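The structure under discussion appears below in the form of structure tokens.
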């Protein structure tokens, strides 16, 4: 068996010290927990993956603790069932103070080593930092060369929060996925010039921003290919081209927005950070 790759890591600061997190993780969004998923995860472990994003079904992990526990979205839902897309009539305003206090208690009880958030804008992150006793270690958000999150990257760096990118390839194949990243002409040209795949160019770009990332695949060759981004670099000319790519958020526009919900528009959901 080939030797597993030693993955680069970043440090997560928490109440009693620091923990290391591999910069590249395997995503499991939209996966059923079946034999195919089990085989893919075991194969990823053999390749060197040690970072797994468990997506929605948190309650069936059968673990005594987590390394990192994240608030999935800055909203609450009616208790009972879990489904996606979330029905509009189940969306509720989020009590940030009490929810974060519960997250902090999970960490104090040893149920999770670190805590963080997902899909928090700069404003929501600053609001949370103002009331948190234990600051979030991570903010996981959509990020790719098509949605570069420059302002949020700068804030997270200044506050010592690790930024993690999900859907760095556009989440093609999911219900919310798009071809906008993988079909981008600029990225395809750069990939051809380097003798790399478009996916590798996207992942390398995210990595070079000092951002960690999670990317999903069940195919062993793709999992291996995603690991092959650490021994080469993009050029200044590549950056000039990537910086010219028109920016747009790829998440579905209707997600979590409702006339009767906590966010009436995208402007409210993202605090104008569109």
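Glycine is no exception: its Cβ is also placed from the backbone N, Cα and C atoms.
No curator has checked TrEMBL annotations; they are predicted automatically.
Now, the feature entries from TrEMBL:
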BINDING   72  substrate binding site
DOMAIN    60-245  domain 'NADP-dependent oxidoreductase'
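Secondary structure at the residue listed as 'substrate binding site', as computed by DSSP, is coil. Other Cβ atoms within 10 Å of the Cβ of residue 72 (substrate binding site), summed over all protein chains shown, number 13.
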